[in-house]
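Q: The active site annotation in TrEMBL covers Asp37. The active site, proton acceptor feature in TrEMBL is assigned to Asn85. As annotated by TrEMBL, Mg(2+) binding site applies to Asp37, Glu224. Per TrEMBL, the feature substrate binding site maps to 38-42, Arg50, His54, 82-84, Trp86, Arg88, Arg205, 211-213.
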Amino acid sequence: MLDKLIRKKGGEAKAENEDRPVLDETVIPRHVAIIMDGNGRWAKKRSLPRIAGHHEGMKTVRKITREADRLGIKVLTLYAFSTENWKRPKPEVEFLMRLPEEFLGTYLPELVERNVRVRMIGDHEHLPPHTGRAITRAMEATADNDGLILNFAMNYGSRAEITEAVRSIAKAVAENRIGADEIDESMITGALMTAELPEPDLLIRTSGEVRLSNFMLWQLAYTEFWFTDTLWPDFDENRLQEAIAVYQARNRRYGGVDKEDTD
Ligand code: IPE
Ligand code: IPE
Ligand code: MG
């Protein structure tokens, strides 16, 4: 039972109701990253076109952003479109490229009001201009906000990101700005698009797929993973809380050993 795993500060296991574990407010993950998957299957189950699933998934984005904010999560990264998703049928890609406008057109005032800062990782340059404009506008409108960072991974691929980082470091070496011996892990971390963000503490992937699909390969080195069969449009506050409850029961050792296990 989940609620048995979750202990409030005083050590007492409690649950507000069956679905909602009591979370330890002192161990809320700072950065939660989500691979939002299963929109197509959600639609197929209802004999709807795939794009209906993407549209429904947008409502989950709103719900989960609000809940992340309420829980005190600092960064929420949402994988919205991968560098491989261009392989999809053109009408589906075109629909997906319209979603940021629709989402931000509807919810930007709410995000501004909630002090949310919108950010983006991914190849911004090769997005259709209307998509890029919507995202730029949202980033500008929320640039001074210092609440939850809502980070969209859009036209994002981790291998492309790492390749670009290697290229920029190689250039610095070639131009004698740094020596090859100076290259270290923090330099690589700093050359990624996530340079200013903490590493994800918790990765969630919906829809039952258990793979990374080219998502944050460097950044997830010590992240806790949680997978659920729930399809993204069906994902909700309770499932997010469940994921965090499991996260809170995990023991992050980072390669070390627990104190009580030292000889
Ligand atoms: C996730 O849902 C959204 C994107 C990848 C853009 P999918 O569209 O991958 O849904 P499934 O995996 O086909 O069900
Ligand atoms: C990963 O989902 C990308 C996003 C959620 C944006 P996919 O549905 O594209 O991944 P695969 O094809 O199942 O690996
Ligand atoms: Mg998928």
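Glycine is treated like the rest: Cβ placed from N, Cα and C.
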Q: Check the recorded positions Asp37, Trp42, Asn85, Trp86, Leu212, Glu224 for any whose Cβ is under 6 angstroms from an atom of ligand 3, and report them in sequence order.
A: Asp37
Q: Among the recorded positions Asn85, Trp86, Arg205, Glu224, which ones place their C-alpha within 10 angstroms of the C-alpha of the residue listed as 'active site'?
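A: Within 10 Å Cα-Cα: Arg205.
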Q: Filter the candidate list Thr83, Trp86, Arg205, Leu212, Glu224 of binding-site residues, keeping only entries whose CB is under 6 Å from an atom of ligand 1.
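A: From Thr83, Trp86, Arg205, Leu212, Glu224, counting a Cβ under 6 Å from ligand 1 as near, there are none.
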Q: For Asn85 (active site, proton acceptor), just count the other CB atoms lying within 10 A of its CB, please.
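A: The answer is 17.
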Q: Roughly how many Å separate the Cα of Leu212 (substrate binding site) from that of Glu224 (Mg(2+) binding site), to the nearest whole number?
A: 13
Q: Do you know offhand how many angstrom separate His54 (substrate binding site) and Glu224 (Mg(2+) binding site) by C-alpha?
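A: Answer for this pair: 26 Å between alpha carbons.
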Q: Tell me the Cα distance separating Glu224 (Mg(2+) binding site) from Arg205 (substrate binding site), rounded to the nearest angstrom.
A: 11
Q: Counting only residues 6+ away in sequence within the same chain, which have a CB under 8 Å from the CB of Gly38 (substrate binding site)?
A: Gly53, Thr206, Ser207, Gly208, Glu209, Thr230, Leu231, Trp232, Pro233, Asp234
Q: Far apart in sequence but close in space: which same-chain residues, 6 or more away, have a Cβ under 8 Å from Thr83 (substrate binding site)?
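A: Looking at Cβ-Cβ distances below 8 Å from Thr83 (substrate binding site), excluding near sequence neighbours, one finds Gly122, Asp123, Asn155, Tyr156, Gly157, Arg159, Ala160, Asn214.
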Q: Near ligand 2, which of the recorded positions Asp37, His54, Glu224 have CB less than 6 Å from any of its atoms?
A: Asp37
